């Protein structure tokens with residue numbers, strides 16, 4: 001039995017297989033509409049995340065399966081002192097596969113060690129969020145046609161942004177990917193990413209402070225939200241949050257085929273005037289997220305269609 | 001693509017078609033049991049409303065469809081600062097149709113402007129609640145046999161009662177409907193309803209303070225809850241809430257075929273001794289609410305059975 | 001129409017029929033996978049209980065049915081002042097059967113009096129929790145092969161432990177069941193159980209303070225959680241909670257076929273080192289809970305497969 005804890009759990013070949021399957025689902029949804037008839041997905045969300053939870057639920061429903069679970073710790077037995085290990089052993093009696101979101105790093109890993117069913121990490125604290133990364137990869141591959149030979153800009157909160165770290169780790173495995181990190185000094189990409197992921201791979205990258213200076217050279221721009229909850233004080237948040245806002249003016253400097261991605265939710269780091277630009281693909285990304293999760297559920301349940 | 005924001009979005013003819021469909025569903029539920037196989041309803045409830053949410057869920061389930069969503073703002077991405085517009089664009093990737101409840105007037109309208117799927121307003125602040133109005137119309141038509149040539153009394157909180165305002169607007173479109181408004185001075189029907197809806201239509205109505213004085217002339221009595229949350233202070237609430245309580249004694253003064261409706265939940269404005277009176281149809285109303293929502297989902301999804 | 005309020009609502013013969021059905025479901029799940037197609041279960045949880053709620057949901061889903069409901073009072077119309085009686089009349093229009101958890105004793109009984117659908121008591125305050133008792137009985141019968149001629153130890157909080165009281169009442173109906181009550185003085189089994197249930201039946205039992213002294217004579221050991229919320233002050237809780245912890249050392253004193261049951265959630269009253277002991281069957285119990293609830297739903301809905 002296999003779990004998904006980190007985007008790197010899958011080899012490059014395995015990622016390609018999952019994305020191929022997701023693409024086939026996109027093209028032939030009816031073929032998969034009953035693939036999980038009689039199967040049950042448990043969504044164990046110890047912290048709320050509507051986007052991710054509903055994406056999983058939509059994925060399972062579109063495979064013909066059913067869903068049960070909880071959407072916050074308050075309504076879980078964690079509030080009665082139950083360990084994650086005991087909860088997953090219980091859930092293993094109720095469902096065939098589970099997606100777990102937890103505020104503590106490593107909680108899904110602890111669960112997977114004793115689970116009777118495949119566990120998908122749906123985000124653990126500031127640590128991993130592998131299905132977001134697979135979603136990003138599918139969006140890029142589907143709309144750019146490739147995962148290699150690209151120049152990608154990552155903009156905003158690069159220090160706390162879990163999705164950014166995961167995406168960088170996933171993309172260094174492809175040939176000729178150039179990274180451009182765009183952030184204020186205070187929110188630079190952590191040194192362990194620079195040293196262990198980028199330098200260790202002999203990866204080409206640069207760090208800049210102004211989006212305008214580099215937007216013209218990008219094939220992809222990955223924007224991120226400046227999350228209030230990651231800041232130590234209100235003042236820092238207010239000072240930095242509007243620093244890197246993408247608007248029509250900046251888009252005018254970009255290549256005609258540069259794509260804009262965003263893990264969402266977006267607050268104001270992308271001006272709504274950009275939404276109708278055909279290069280803005282962050283809402284398409286949401287749809288790819290459903291296909292990827294469908295492919296992942298099928299893969300981990302070893303269902304062949 | 002069509003949304004439902006207000007009960008008046010549908011013409012009188014369209015209302016008749018929805019109610020006809022709802023009646024057919026009532027008579028032949030099996031015929032519709034798989035009409036929405038493979039379809040998904042999203043219930044986006046930014047404020048809790050068990051009755052309305054579960055009515056929609058029951059409706060979709062009885063059509064063979066599936067449901068996902070959230071039941072309070074706390075478990076939605078609104079708490080991360082996401083706009084309703086962005087949320088509905090996300091939900092459009094997950095579901096085929098959506099029912100939205102929101103404490104702010106106009107929020108469902110904002111959502112419908114960018115939505116990729118039909119949006120049903122399931123109540124927006126003190127503004128509109130069109131599926132309750134359709135439910136009321138179906139109850140009246142099913143049990144009285146008509147929507148015209150009736151004398152209807154509306155009793156209780158006529159100032160803040162959203163369902164009362166909507167029902168009045170809906171009923172002025174039918175011939176020879178007489179309105180009797182029964183409320184304390186402090187909770188009279190708003191002047192804009194009197195002027196723009198009633199007087200503008202040359203509509204016959206009267207306003208009285210005592211239910212006993214008029215109950216004998218009514219074909220229908222629409223009772224409403226005095227909602228604590230609509231009051232500015234506790235004192236006013238306590239003074240007024242018991243003013244208009246329907247009991248067996250008052251029912252003895254009513255016509256033998258006068259029907260009692262109530263949008264529910266009822267607190268104490270209808271004494272439980274009235275529940276077994278065959279003229280009390282407020283629990284039947286709940287059942288009609290499911291049929292109406294089934295008909296509405298089929299209509300907006302353009303599913304023909 | 002029949003409801004389930006107390007484990008004693010079923011005669012010994014009826015319990016045997018439900019357990020026989022549950023065993024058949026365990027052996028032939030596919031046979032029952034569509035037994036409740038088109039049926040809806042409402043889970044009305046006025047207080048959170050993930051384990052019980054998800055067990056019911058899993059049961060209904062595995063019968064082919066659908067589920068709707070709420071998982072805490074905050075998201076129910078109770079917060080608007082609606083009575084349980086009115087809520088169940090509403091729910092009767094939405095679903096075919098209902099499982100109700102309520103912090104107040106007797107609330108499910110009140111609901112059942114006016115309900116249009118079967119009501120299952122899923123726990124009412126410190127009062128009854130019949131599906132837990134049926135689960136315990138099924139676990140014992142399945143793994144011991146019988147419900148009579150056993151010596152059962154009940155350990156921990158015997159004063160407030162609802163599941164213990166129910167299990168005792170259920171087991172006195174079988175021949176030659178010996179009870180050994182193991183608890184601190186402060187948490188002894190209530191006198192009404194001793195007098196009205198045990199003495200009145202001429203039942204053999206003993207009360208001891210030390211688990212070590214009696215564990216060797218037991219066929220079954222039923223451990224319970226010392227629930228913080230049942231204590232009047234923190235001090236008492238801290239002093240008593242670790243009193244009766246089952247560990248490997250104590251297990252070494254037990255018979256090689258003594259089974260350990262626990263209603264879960266477990267906090268620390270069973271050391272995790274016991275989990276891998278084949279005599280520890282508390283996680284199997286969870287699985288039996290699903291089969292029992294499936295059998296119960298079929299029985300109350302009078303569905304024959």
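From the backbone N, Cα and C atoms, a Cβ is placed for every residue, glycine too.
TrEMBL annotations:
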type	residues	note
BINDING	A:51, A:52, A:101, A:129, A:132, A:264, A:265	carbamoyl phosphate binding site
BINDING	A:80, A:162, A:225	L-aspartate binding site
DOMAIN	A:2-141	domain 'Aspartate/ornithine carbamoyltransferase carbamoyl-P binding'
DOMAIN	A:149-299	domain 'Aspartate/ornithine carbamoyltransferase Asp/Orn-binding'
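Feature map: TrEMBL annotations on the structure.
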residue	record	DSSP class
A:51	carbamoyl phosphate binding site	helix
A:80	L-aspartate binding site	helix
A:101	carbamoyl phosphate binding site	strand
A:129	carbamoyl phosphate binding site	coil
A:162	L-aspartate binding site	helix
A:225	L-aspartate binding site	coil
A:264	carbamoyl phosphate binding site	coil
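The local packing around residue A:264 (carbamoyl phosphate binding site), expressed as other Cβ atoms within 10 Å of its Cβ over all shown chains, amounts to 25.
Taking 8 Å as the upper bound (exclusive) on CB-CB distance to chain B, the binding-site residues A:52, A:80, A:264, A:265 give A:264, A:265 in sequence order. Annotated pair residue A:264 (carbamoyl phosphate binding site) and residue A:80 (L-aspartate binding site), C-alpha to C-alpha distance, rounded: 33 Å.
The average pLDDT for the domain 'Aspartate/ornithine carbamoyltransferase Asp/Orn-binding' (A:149-299) in the predicted structure is 92. Of all the binding-site residues listed here (A:80, A:162), the one with the fewest other CB atoms within 10 A of its own CB is A:80.
The distance from the Cα of residue A:162 (L-aspartate binding site) to the Cα of residue A:129 (carbamoyl phosphate binding site) comes to 7 Å.
Cα spacing between residue A:225 (L-aspartate binding site) and residue A:265 (carbamoyl phosphate binding site): 7 Å, rounded to the nearest whole number. With a threshold of 8 Å between Cβ atoms, the binding-site residues A:52, A:80, A:101, A:129, A:162, A:265 that neighbour chain C are A:80. A Cα-Cα distance of 31 Å separates residue A:132 (carbamoyl phosphate binding site) from residue A:80 (L-aspartate binding site). Broken down with DSSP, the domain 'Aspartate/ornithine carbamoyltransferase carbamoyl-P binding' (A:2-141) shows 71 helix, 25 strand, 44 coil. Sequence-distant contacts of residue A:51 (carbamoyl phosphate binding site), defined as residues of its own chain at least six apart whose C-beta falls under 8 angstroms from its C-beta, comprise A:264, A:265, A:286. Here the C-alpha separation of residue A:52 (carbamoyl phosphate binding site) and residue A:80 (L-aspartate binding site) works out to 25 Å. If you draw a 10 Å sphere around the CB of residue A:225 (L-aspartate binding site), it holds 23 other CB atoms from the protein chains shown. Take A:51, A:52, A:101, A:129, A:132, A:264, A:265, the residues named in the record as contacts for carbamoyl phosphate: the widest Cα to Cα gap among them comes to 17 Å. For the pair formed by residue A:101 (carbamoyl phosphate binding site) and residue A:80 (L-aspartate binding site), distance between Cα atoms is given as 18 Å, rounded to the nearest Å.
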